[in-house]
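Taken from Swiss-Prot as is:
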BINDING   130, 131, 132, 133, 134, 135, 136  ATP binding site
């Protein structure tokens, strides 16, 4: 899937953004995050000097260092010395010493999305937005374009497994990018094609707690398209459907709905593989096999198909790409089948942290492995989200057979009374369907699992915090309870 660019191709790419030739060194504050690291990697491959800082090393910073970036651990004013521009993520506080120093030195400070917008400015940009499904849809579209020989640049919010990275510099005019609505920074982007997968109440602090403001922001995002641009929108989502009359751009809709322009029919699932047919006006029906489970992933794939079809990608390339798709990191990530006593347990890790995301993950697990007992380790993400969606979480989580509840991963937030894992556990228990177990520390998990796991269980680790590290620890130890206790 990947090829290395030669010097001539790199020189051609550098001419795409002529004014960026004035820039020598680009410094990223918070470079270890998925969104920041992707842009840093593309710019590094374009030949720019890249530096960055983060609190601690991780696999991402190790990879960037190997590719030539200079990484500092800890934030210090001197880290920005010599930088032409400083790029910041929304997680960085305004009193961060590197931001303070950059302002004092009159070094331009830009947000992540502004730098992504510069990468997109002279390319054919395809931006994927929505509350859920952005990362997988971006990865699917990337796979299709590679299979068609179009060699796109891509910047994704998660690992594209077939590429082994979340970002890559291509030599064509196409740039496929995940567009982040969490801080409304996707309004900086000016793509040629925009996808909206769905719209739900999330990151509401950004929008003053007003859902109408969030909806208007998505409308504004779509109106950043040129008049000849294309909006691809999921008509199954009630909020997206509501907004359709307010969009003054060409629209193609997709979904299971009868009135979708690009429509899914005859969906079925066997274990990890979904199979369905996509109907398109004036085009042959596409009989699709997709190696990731769930109707939500059929929707993600159909969004990618709608864009690819509109841009003339060959049907055979589309079908091959979807069949060969390996998935994205931490999205129903099958980590293995592990022997435990008299049988085996299937381990799956998933990033979903909104009630709707957790719900579709549960449904995918039930559809593909209906005879397995579903055991979930759930880690709530952010106190504010837990508070705002408390009853929705309680309703969704009671659908599993066994629930192990961790405490909230704060993501830097101050604790909110009553919006914690123990309280949520108590509420779910009071609803009477299941008897969840609150696990106060990660170190307590092995002994709890030793008493819980049974032959042929499906163990699902769920959440956007460090529960993913727990999943990989469990996989590394092959669910050996004794070994986990020793750890």
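Just so you know, glycine gets a Cβ as well, placed from its N, Cα and C.
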Cβ-centroid neighbours of ATP site 130, 131, 132, 133, 134, 135, 136, 8 Å, sequence order: 128, 137, 197, 198, 300
132, 134 as binding-site residues, winner by CB count within 10 A: 134
Listed in sequence order, residues with CB under 8 A of residue 135 (ATP binding site) and six or more positions away: 156, 157, 158, 178, 328, 331, 351
List of residues, in chain order, with Cβ under 8 A from that of residue 130 (ATP binding site) and at least 6 apart: 137, 181, 195, 196, 197, 198, 199, 234
Which of 131, 136, the listed binding-site residues, has fewest other Cβ atoms within 10 Å: 131
Protein Cβ atoms within 10 Å of residue 133 (ATP binding site), excluding its own: 25
